[in-house]
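Scroll down for the structure; my scribbles are underneath it.
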Amino acid sequence: MDVTATPEWAALAEHHEALRDRSLRDLFAEDPDRGRRLTTRAADLYLDWSKHRVTDETVRLLLALAERVGLRERIDAMFRGEHVNATEDRAVLHVALRAPAGRPLVVDGQDVAADVHAVLGRMRSFAERVRSGEWRGHTGQRIRAVVNIGIGGSDLGPAMAYQALRAYSDRGITARFVSNIDPTDFAEATRDLDPAETLFVVCSKTFTTLETLTNATQARDWLLTGLDGDQAAVACHFVAVSTNTEAVRDFGIDPENMFEFWDWVGGRYSFTSAIGLSLMVAIGPEAYDEMLAGFSAVDEHFRTAPFEANLPVLQGLLNVWYTDFSGAQSHAVLPYSQYLSRLPAYLQQLTMESNGKSVRWDGQPVTTATGEVWWGEPGTNGQHAFHQLLHQGTTLVPADFIGFGEPVHDIGEMHDLLMANMFAQAAALAFGKTAEEVAADGTPAELVPHKVMPGNRPSSTILAPRLTPGTLGQLVAFYEHTVFTQGVVWQIDSFDQWGVELGKVMARELAPALTSAEAPELDQDPSTTALVEEYRRLRGRPV
Ligand SMILES: O=P(O)(O)OC[C@H]1O[C@H](O)[C@H](O)[C@@H](O)[C@@H]1O
């Protein structure tokens with residue numbers, strides 16, 4: 001379906017024109033109650049969407065568009081386990097990973113709910129054994145460091161969440177995350193670790209990813225070098241998380257030490273699969289279960305809440321509104337929490353790998369703009385760096401502010417000051433400061449234009465009581481379903497990632513030309529050929 005050819009799309013385009021001259025100042029003047037009214041709750045999350053360039057009519061039209069594209073049916077299809085990942089012909093069931101036990105869900109003839117809870121049970125018992133010291137290293141020492149080796153979806157979720165939930169973690173065990181094939185990543189992560197006390201969790205859905213297998217091989221060498229080459233050591237210092245038992249065995253990890261997940265879990269949606277194992281070891285099964293319950297609460301909200309009160313649906317439609325009708329190309333995520341410093345990176349994969357597509361699921365080119373560029377940093381740091389562009393630049397960047405009522409560390413008035421900054425930024429973006437207001441401050445006339453703050457820059461504010469495992473789960477599920485909503489409007493497959501394949505293949509093909517002892521025959525494009533020659537010179541290799 002070409003969504004732009006629907007009457008609902010045309011109505012939105014017309015409405016957008018009509019709204020063009022009404023700023024957020026005007027909208028608030030017309031409806032002073034909107035600050036309270038245009039808010040929605042899901043579980044512990046409070047979303048203030050009053051500072052968006054929308055009226056009740058806009059929302060009515062966006063909801064009509066959601067109906068038109070069959071969002072309700074798509075949500076139900078996903079939860080039922082239909083193959084909504086059309087290009088890979090797979091179910092999309094990350095929601096099953098956190099559904100409460102005891103509710104069978106049969107997909108393609110298999111009770112996936114039972115499988116999920118069986119693996120969760122094994123993860124809990126393993127995590128407890130490591131945490132209690134019952135699981136020992138090869139020389140009998142306790143495990144003091146857990147090193148997660150994985151990349152993309154096999155890294156970003158647990159890495160982000162470990163950072164976010166450090167306060168809940170066992171400080172006697174350090175968790176490290178190695179992802180990059182840049183050897184410095186492994187070197188820095190392990191330089192102060194004792195092999196006898198280190199456990200590697202090798203995470204890879206496919207168990208074929210070059211970076212992960214290379215780092216895992218390096219880790220095995222590092223371990224064996226540190227433990228006098230005794231091959232038997234691998235068994236108590238390596239576990240794997242994968243869908244590929246054969247490849248895990250081939251690598252030399254006993255499938256007994258493997259935690260399984262399934263092809264119906266996409267890499268970037270796999271954080272609540274066994275990919276969360278290193279996080280579970282760090283924060284313990286109880287806190288991990290609270291996180292899963294947080295995810296599940298927002299899953300249920302997404303599945304059951306009417307669209308007009310549905311947080312991910314509303315936010316997803318707002319994102320479509322700016323991307324397709326206002327020409328916004330990027331989206332800032334600004335957590336006012338240092339603990340959430342990796343959330344933007346996590347969301348980059350979730351959003352951009354999901355919705356960075358230009359072909360619809362029916363094989364036709366899209367006629368809409370799709371996937372925004374997601375980026376961000378914690379506040380207040382960003383204020384002293386890039387917020388200038390948000391306030392006075394020429395591009396429209398819708399932003400999400402994320403903050404908490406109670407701080408994890410309550411030190412004097414620091415948290416109140418942090419939150420005052422967050423509220424002030426959202427207000428300054430929305431309402432700005434006019435030339436008259438600037439002049440009234442006594443600003444010299446020649447400086448007035450420079451100091452005008454145009455305002456009318458939209459943002460969502462998301463407030464939760466406290467950063468806990470549960471609220472983190474809620475927040476991530478909120479974003480997952482926002483991405484889903486956008487993908488359905490755009491009619492794209494948010495669950496494949498064909499665009500990352502070509503570069504991987506080319507890198508594999510190119511590698512011998514970089515490493516060969518003899519000057520290679522280079523038949524790449526002229527730019528790549530010149531770069532390889534220059535690189536070989538830098539490496540002291542013949543050209
Ligand atoms: O978990 P793996 O199979 O090792 O994949 C790790 C990552 O690599 C790929 O390139 C994909 O683009 C990602 O979606 C995936 O998360």
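For all residues, glycine too, the Cβ spot is worked out from N, Cα and C.
Long-range Cβ proximity for E353 (active site, proton donor), meaning a same-chain Cβ under 8 A and a gap of 6 or more residues, is found for G152, R268, Q497, V500. For E353, the entry in TrEMBL reads active site, proton donor.
H384 (active site) falls within a helix when secondary structure is assigned with DSSP. Summarising the annotation, TrEMBL assigns active site to H384 (among others).
Look at TrEMBL and you will find K504 (among others) tagged as active site. Just so you know, the Cβ of K504 (active site) picks up 13 other Cβ atoms within 10 Å once every protein chain is counted. In the three-state DSSP reading, K504 (active site) counts as helix.
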Between K504 (active site) and H384 (active site): CA-CA distance (Å): 37
